[in-house]
């Protein structure tokens, strides 16, 4: 039995709290990412991993030592690190003659590799190369995807889902408008993927982001006074900037992917019976009642509805005749 698979009984309260944090929950913790460099990673790949780690803080673990492994051939080491550091996302960087400046991004399900996609780095501008103010640690980014490939091609569609999972950060119910200061923009164009990072300061104005060209570097967006309701927008470089090419893919089967997306019954919204909504949002309810005897229904008393003496006499005679027949 593997050392990490055996049942561990906590001996201290601190160890008990640590194990309780890793137990399965209805509302899971924020997904952490581990960033690993291979045994032959060069300076460019190492700097990319450092910059991505700076964007992922504090939900990331950076392994500084080199690890000789090949994710597409053997995933046991990645699964070991995932269970050890409690990370469900990973990014692996390597470099060789056949696949230079290589990045592998993927995710785990039950501490086993669910899917991973290999990307090649063609151009890179680091955070250090752009001397500007950066966004604070732990900022939740806005994610923007441009390009038809993200909605048409299956590999790009799964890559989009993977990037959202990797960079989305914690799940929040409300967002303050002034806190929207960090944008990650992904563009799929002519077989390439352009990754850009933008920072903008919003003075409580609702801003519409301009078209971000693939050739531009990550920028900071400033809203200044323009004399009208719409602010004047200026871009300021921030970084990092990556030009990527899609290489190999290892995607989960449809059944396994559907299983990983399954929601617990306790979190599913309970269906309300006999309640329906129309196109305008009006709520309609259906009530089931027992059969009513309308002859006993109390109506409004009016003189015109009163029975005449002759009618009363005939009714009394009919009742007497029924009684006689029964006897």
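Even glycines carry a Cβ here, placed using N, Cα and C.
TrEMBL: automatically predicted annotations, no manual curation.
Sequence annotations record features per position, and here TrEMBL assigns compositional bias 'Basic residues' to 298-307. Sequence annotations record features per position, and here TrEMBL assigns compositional bias 'Basic and acidic residues' to 308-319. Annotation source TrEMBL lists domain 'Brix' at 31-255. Here TrEMBL flags 291-327 as region 'Disordered'.
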Within the domain 'Brix' (31-255) only, compute the mean pLDDT.
82
With DSSP, how much of the compositional bias 'Basic and acidic residues' (308-319) is helix, how much strand and how much coil, in residues?
11 helix, 0 strand, 1 coil
